[in-house]
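Q: Here you go, one structure.
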Amino acid sequence: MVTTALYWYRQDLRLADLPAMRAAIDNGLKLIPCYVFDDAAAGQWSPGGASRWWLHHSLAALDTELAKRGSPLVVRRGETARVLADLAAQTGAEAVYCSEAIDPWARELQSQVADALWETGVQLEARPSALLFHPGTVCTQAGDPYRVFTPFWRACLQQPSPAEPLSAASGKHFVEHDLDSLPHDDWQLLPRNPDWAAGWDELWSPGATGARRALQHFLDNALDSYAEGRDFPAARSTSRLSPHLHFGEISPRQVWHAVQALPEGQDKPAAKFLAEVGWREFCHQLLYFNPEIPEKPFKADFGEMPWLADQTHLQAWQRGRTGYPIVDAGMRELWQTGFMHNRVRMIVASFLTKHLLLPWQWGEQWFWDTLVDADLANNSCGWQWVAGCGADAAPYFRIFNPILQGRKFDPDGEYVRQWVPEIASLPDKYLHAPWEAPAKILAEAGVELGETYPEPLVDHKEARETALQAYGVISG
Ligand SMILES: Cc1cc2nc3c(=O)[nH]c(=O)nc-3n(C[C@H](O)[C@H](O)[C@H](O)COP(=O)(O)OP(=O)(O)OC[C@H]3O[C@@H](n4cnc5c(N)ncnc54)[C@H](O)[C@@H]3O)c2cc1C
C-alpha cells in the first residue's frame with residue numbers, strides 16, 4: 001500500500017534537486033506539498049517588505065508547477081508544528097520531509113517541529129539542500145570552522161565535486177488532492193497603499209523557471225566579462241541570481257554543474273564566479289556556527305564602538321539624499337528595484353558605518369526590509385565585513401572614498417545619471433563631486449546645491465578623521 005508524506009517547503013521553492021523529496025520517493029511515499037506562514041517563528045527576521053513581494057510570486061510559481069502535477073501547494077497560516085500536525089492527521093501522512101535549515105531561528109523551529117510531530121507519531125526527515133558543502137563538512141585541520149575565506153574556499157575546492165543535481169519529481173510522485181489552501185489573495189505578502197513594487201514584474205521573474213533563465217542568460221551573455229566587469233554597476237555583468245538562490249528556486253549544485261558543463265576557455269571567469277558562490281557558502285557556515293552574528297559583532301571589542309544615533313542622517317542615507325552621488329544612486333536603485341550592485345553595497349555600507357558613524361545593524365535592518373535577496377547569512381556577513389567587525393573583515397581603517405569609488409567604478413557616470421537624474425547634466429568631471437563644480441557649470445546643468453540636490457551631508461576628510469578617532473576608542 002502506498003502511503004503519504006507531507007513535503008514541507010521552506011527556503012527551497014523548486015522541484016528539482018531536493019534530497020529530502022528524493023528520500024521520500026525512494027521510501028515509496030507519495031507527497032503532499034505544503035507551505036506554512038508563521039511570521040512569529042522568525043521573530044525579528046521574518047521576511048522584509050521586498051522579500052515578501054518575492055515570496056508571493058515564488059510561491060505562486062511553485063503552486064502553478066505543482067498544480068500541473070495534480071497536487072497544488074497547500075498553503076496554511078499558523079504555528080508551524082500545529083499546522084503540520086493537523087495536516088498530517090487530515091491526510092494520514094506518516095512523515096514530513098523538508099530541507100535542512102541554516103538560519104538560527106529556522107533550525108530552532110525545525111527541532112521544535114520534530115519534537116511536536118514525534119508526539120503525534122509522525123517523523124520529521126530533513127536533508128541538506130541549500131549549500132554545496134553543508135556546514136561542518138569543510139573544517140580546518142584542527143576540526144574548527146574556517147574564519148578566513150581564502151583557505152576555506154581552497155579547502156572546498158579540494159573536496160570531491162558536489163554530486164550531480166537530482167531530477168525533478170513528476171506527477172506520479174504526488175498525491176492528487178483538493179485540500180483547503182489559503183487563496184493567493186489572502187497571503188498578505190504584497191504591498192498595498194502604496195504599491196511600491198509596481199513595475200517590479202518587468203524587472204524580476206521569481207520562481208524556478210525565472211532562476212534557470214537568469215542563470216542561462218548570465219552564462220551565455222555575461223560570464224566572459226565577469227572577472228573584469230563585476231565591479232562596474234552600470235555594466236550588468238553579474239548574474240542577479242541572489243534572490244533565486246536565497247529562496248532556493250535554484251540550488252547551488254545546479255549552478256555549480258551548469259558552470260562545469262561550459263566549453264573550455266572560460267575557466268578564469270568561471271572560477272571567479274564560483275568563488276563568489278563560495279562567499280555565500282562561507283557566510284552560511286559562519287552563521288551556522290555563530291548564530292549571534294545578525295545582531296552582535298563577530299569581533300567582540302566592536303561592542304564598545306561609540307556609534308552615533310543621528311536619525312536625520314539615517315533618513316538621508318535611506319532616501320538617497322546624502323549629497324554623495326554614488327551613495328545616493330545605490331540607495332535609490334535599492335528602493336526602486338529591490339536590488340543593489342555589490343560594489344555599491346560596499347560603498348553605501350562604508351558610508352553609513354564610517355562617514356556617518358551609524359551602527360552597522362541599522363543598515364543591515366534597512367537592507368533586510370528593502371532587498372529582494374535579503375539573506376540572513378549574506379547580509380549580516382556583508383555588513384560586518386564592511387564595518388570591520390566580521391570574520392575575515394576589511395580593516396576598519398579602510399574607509400571607502402565615495403568620490404574616488406564613483407570615478408573608478410562609474411567612470412562615465414552612467415550609473416549615477418540613471419538613478420540621480422537631477423544632476424545628470426553635470427560634466428563627468430564633477431558628477432561624483434558636484435560641490436567642486438564652479439557656479440557657472442552648476443547653473444548650466446540646472447543644479448542648485450541645497451535645492452535641487454543636497455549639499456554633502458558630511459565632509460569626507462572630516463568624517464574620515466572622526467571615524468578613525470572613534471575606532472581608536474576600541475583599538476586602544
Ligand atoms: C553590505 C552588504 C550586504 C549584502 N547583503 C546581501 C544579502 O542580503 N543577500 C545576498 O544574497 N547577498 C548580499 N550581499 C552580497 C552581494 O552583494 C550579493 O550577493 C550580490 O550583489 C548579488 O548579486 P549577483 O547575484 O548578481 O551576484 P554574482 O556576482 O553574480 O554572484 C553570484 C552569487 O554569489 C553569491 N555572492 C556574491 N557575492 C557575495 C558576497 N559578497 N557574499 C555572499 N554571497 C555572495 C550570491 O548568492 C550571488 O547570487 C551583501 C553584500 C554587502 C557588502
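Note: Cβ is positioned from N, Cα and C throughout, glycine not excepted.
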Q: Suppose a student reads TrEMBL and sees Tyr226, Thr238, Ser239, Arg240, Leu241, Ser242, Asp373, Ala374, Asp375 listed for FAD. Which of Phe273, Phe282, Phe409 should they find annotated at that same site?
A: Phe273
Q: Could you tell me which of the recorded positions Ser239, Trp307, Trp360 have their C-beta within a distance under 6 angstroms of some atom of ligand 1?
A: Ser239
Q: I want to check the contact list for Ala374 (FAD binding site): same chain, sequence separation of six or more, C-beta distance under 8 angstroms. What comes out?
A: Pro47, Gly48, Ala50, Ser51, His246, Phe367, Trp368
Q: Per-residue pLDDT averaged over the domain 'Photolyase/cryptochrome alpha/beta' (3-132) comes to what?
A: 98
Q: Would you mind listing, in sequence order, the residues at least six apart from Phe273 (FAD binding site) in the same chain with a Cβ closer than 8 Å to its Cβ?
A: Leu223, Tyr226, Ser239, Val259
Q: Are there any residues in the same chain, six or more apart in sequence, whose C-beta is under 8 angstroms from the C-beta of Trp360 (site 'Electron transfer via tryptophanyl radical'), and if so which?
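A: Residues satisfying the criterion: Pro297, Ala349, Leu352, Thr353, Trp383, Gln384, Val386, Ala387, Cys389.
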